[in-house]
Amino acid sequence: MTTSRSKSEQKNVDPEEIAKFSALASRWWDPDGEFKPLHKINPVRLGFIENHTDGLFGKKVLDVGCGGGLLSEAMAERGAQVTGVDLAEQSLKVARLHALESGRQIDYQCIAIETLADQQPASFDVVTCLEMLEHVPDPKAIVKACAKALKPGGKIFFSTLNRNVKSWLLGIVAAEHVLGWVPKGTHQHQRFIKPSELLRMTDAAALEDIAINGLIFNPLKGFVLSEKDVDVNYIIALKKPES
């Protein structure tokens, strides 16, 4: 754990975002609470990750922006050696307590990914950074740091929201104001990231894209993957070249 951060790392933290998630920390593991959509989408995200890693058992995994540990615990249940990092200490306290109650061995750290990547470059078989990029001022720096922490030949996953009229209507108007799936103010549409923009960031980090799928809501099936519809939520799998 570190107690100090560089000026560049401090600039890549939005205090309002940290405060927002800290205030909701106690409700991370309530499947019917403010994080209900993440509980619903988590199995789909996990399946996508497992499919593109040939399983997680025995792999060293870094979960960036782990929050209360929903994905971290799910990956640990699959036999992964998980390190979860986040800058919302209240969320990490909840994650640690839940892991203890569940009997899961997960290394949760309150540390910036930029710092961790400097300390442990090329150390992880798999890196995940899901629903986090749209909450930071400089997502490109996060992508670069995640890639730095990944071993050559390792797999890396990002998920976020596309930026267009449809994502504004569904991701903000409907989800926050009409259906109440997530608290009002959870997202800022201007911070949503188009797939083409994310791919430019991953290209700059020397990552090779493998697959991109949309995460869409089906009234009958719940959240499902789509190879064609990336208009709102989407997830991307990439690989770090061997050399």
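The backbone N, Cα and C atoms fix where each Cβ goes, and this holds for glycine too.
Going by Swiss-Prot, these are the annotated features:
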BINDING   Arg45, Gly65, Asp86, Leu130  S-adenosyl-L-methionine binding site
* **Cβ packing number for Asp86 (S-adenosyl-L-methionine binding site), 10 Å threshold** => 26
* **In three-state DSSP terms, the structure that Gly65 (S-adenosyl-L-methionine binding site) belongs to** => coil
* Cβ neighbour count within 10 Å of Gly65 (S-adenosyl-L-methionine binding site) -> 23
* To do: Let me know the DSSP-derived helix, strand or coil state of Asp86 (S-adenosyl-L-methionine binding site), please.
  => coil
* Are there any residues in the same chain, six or more apart in sequence, whose C-beta is under 8 angstroms from the C-beta of Leu130 (S-adenosyl-L-methionine binding site), and if so which? -> Arg45, Gly65, Leu71, Phe157, Phe158, Ser159, Ile235
* **Surrounding CB atoms that lie within 10 Å of the CB of Arg45 (S-adenosyl-L-methionine binding site), all protein chains** => 24
* **Residues Arg45, Gly65, Asp86, Leu130 [recorded S-adenosyl-L-methionine binders]: greatest CA to CA distance in Å** => 19
